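K.L.:
First the structure, which I've put down as structure tokens, then a few questions once you've had a look.
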């Protein structure tokens with residue numbers, strides 16, 4: 001059903017967001033601990049990265065129907 | 001990549017901001033720098049615009065003054081310009097009125113002048129013969145009517161003159177009671193013509209004409225008789241008196257001649273003296289005789305002249321009575337008169353010459369007597385004593401007396417010689433004088449003679465002319481009579497021809513009528529027979545038709561029953577299909593409709609319409625079945641909610657932020673859930689929320705079709721969301737439509753095949 005599609009997309013979106021957020025957080029913590037002497041900024045950076053990616057993905061997913069795909073064609077005039 | 005983008009964006013923003021900051025001082029500078037000049041430029045601009053406007057206005061007014069059409073155009077297009085123009089230029093010029101009256105006016109003028117010209121041309125052409133004025137006027141009127149283009153006056157008058165001359169040539173019957181005479185003057189003829197233009201000539205009946213003619217003839221005869229009598233009487237009396245006068249004149253002539261002869265004889269002194277006294281006595285007698293004769297002659301001459309005058313008066317009066325037939329008599333009388341006058345004049349001249357001769361002779365005799373007396377006196381003076389005895393002188397004369405006598409005689413001879421010489425000289429003069437006198441007298445006599453001769457010749461000529469005219473007239477009369485006779489003959493011939501032709505025509509007409517009547521009767525008879533035949537055939541045909549009808553009715557009965565059976569079956573199968581529709585549940589579709597539709601197809605194998613309908617049912621419904629309306633309704637609520645949430649999303653707006661905004665809008669927008677849709681959709685009704693409200697309203701009222709229509713109008717994400725629902729709704733609607741058609745068809749067929757009791 002077409003009405004369910006949107007809901008599905010949102011579900012994916014949220015799931016993706018959660019995953020990315022978690023992953024970002026984790027990586028941030030890891031990097032902060034390992035490379036940056038337990039500074040806050042890598043965590044925040046990682047989280048932000050994760051959220052950003054999730055946001056972008058979500059947007060793209062929701063937008064996917066409206067995006068125009070173009071291809072380059074070269075043909076000679078006869 | 002994001003970082004790059006971000007950097008780029010920052011740079012752009014910075015540039016923008018800097019650019020803005022940079023632009024401001026320039027603008028400020030520009031404003032400051034142009035502040036001073038702005039006033040003068042503004043003034044220049046104002047002045048230039050005023051100049052342009054004023055120039056345009058002035059130019060328009062001037063051109064409007066010159067061209068009224070342009071003025072009218074401007075007044076029409078610009079509202080208050082007419083007032084402005086009136087103020088500046090005065091009232092507009094009046095429009096040109098086409099002069100259509102002039103050609104109309106010209107024509108009546110020409111026609112009236114035409115009639116006048118024709119009248120004028122009529123007058124000079126008026127002859128003694130009177131032509132009917134009616135035919136003359138009619139062609140003139142005809143001439144006027146068919147003259148479409150206005151001709152020049154000359155042409156029209158020339159044409160009228162032609163026509164009138166042509167008519168004048170035609171010989172016409174002279175109106176009775178008028179005599180042809182050479183018109184005394186032009187004006188009399190004109191008056192006659194004019195008089196006859198006014199009254200209309202009526203044709204008098206024949207008897208009246210003949211009566212009038214007879215009357216006029218009689219009157220003429222009477223007048224003629226009277227005239228001739230008068231003429232003869234006067235002629236007779238004049239002739240008598242003239243003869244008398246002539247006789248008297250001749251007697252006078254003879255008397256004068258005798259007297260002069262006697263006088264001449266007396267002058268001759270060769271007669272003896274005693275006869276002289278008798279001679280003288282005879283002379284005296286002759287003289288007295290002469291005087292008496294002269295007196296008589298004078299008297300007779302006077303009388304004759306009086307009678308002649310009388311006669312001429314009578315002739316003139318008879319001329320004026322204008323009787324045709326008296327003319328020759330008048331002419332004869334005139335001739336007689338003229339001859340009498342001539343004779344009288346001749347005789348008078350003779351008498352006058354004789355008289356002059358006599359005068360000369362008497363003068364001569366007087367002179368002689370005078371000379372004689374003088375001589376005697378002288379002689380007496382010289383010889384007084386001898387004088388008494390002059391007759392007895394023969395032997396008693398003395399020598400002295402003789403010598404004195406001789407001397408006296410010599411003296412006398414000398415004297416006489418001298419006198420003779422003188423006389424000779426004087427004679428010359430006298431002769432000249434006498435010649436001149438004679439010349440004068442001769443001239444006078446000549447003149448008189450010439451005058452009288454001229455008058456006589458004139459009279460002669462006139463009489464001759466009248467005689468000739470009379471002859472010509474007679475000839476003309478005779479010719480006219482012959483022409484009239486010819487015309488009468490032609491008329492009778494013509495009448496005969498016309499009668500023949502008429503007879504022919506009438507005969508033909510009668511024949512035609514007979515033929516037509518016969519034809520009528522025949523056609524009538526034929527028609528009757530035909531009718532009988534027709535009625536018989538009609539009856540036969542009717543009977544045959546009825547037989548055929550009965551047979552057909554029976555056949556159609558059979559067919560109809562068959563049809564009814566088929567229709568019944570169809571209906572049953574359609575009912576089965578309807579029943580299957582009811583097997584739909586809340587959330588799952590009905591059974592597939594294949595079976596029922598197959599049955600229908602079997603049942604209506606021969607029916608094209610039903611076949612077409614059965615095949616028109618969509619595949620999906622056949623294979624899968626359709627959802628019920630109730631389930632669709634339930635589904636619609638979810639759709640509605642979702643569509644409201646994504647109302648703002650479409651191709652251009654589809655970021656997450658827009659999604660958030662759209663959600664916010666759906667939450668904050670308060671509206672009625674169900675709104676009655678209008679009869680016509682306006683563009684502002686194509687808003688998502690409104691459309692959904694209309695659709696909600698319709699679906700609540702059970703109108704799935706209308707709801708589907710409204711949902712179809714959704715655009716963007718809402719449309720995509722409602723796509724499936726719309727598809728299902730379409731399917732259901734289609735199938736339902738086809739089924740309803742089929743059931744209607746089946747009902748109709750069933751109704752059609754049921755037979756009335």
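Think of each number as a place in line: the chain as shown, counted from 1.
Just so it is clear, glycine is given a Cβ too, placed from its N, Cα and C backbone atoms.
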K.L.:
Between B:219-250, B:251-282, B:283-314, which stretch does TrEMBL give the note coiled coil?
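P.N.:
Matching range for coiled coil: B:283-314.
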K.L.:
Given the ranges B:30-64, B:65-99, B:170-204, which one is assigned the annotation region 'Disordered' in TrEMBL?
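P.N.:
The listed stretch tagged region 'Disordered' in TrEMBL is B:170-204.
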K.L.:
Ranges B:343-370, B:371-398, B:399-426: which does TrEMBL label coiled coil?
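P.N.:
In TrEMBL, the coiled coil feature sits at B:399-426.
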K.L.:
On the 0 to 100 scale, where does the mean pLDDT of the coiled coil (B:283-314) fall?
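P.N.:
Across the coiled coil (B:283-314), the average pLDDT comes out at 85.
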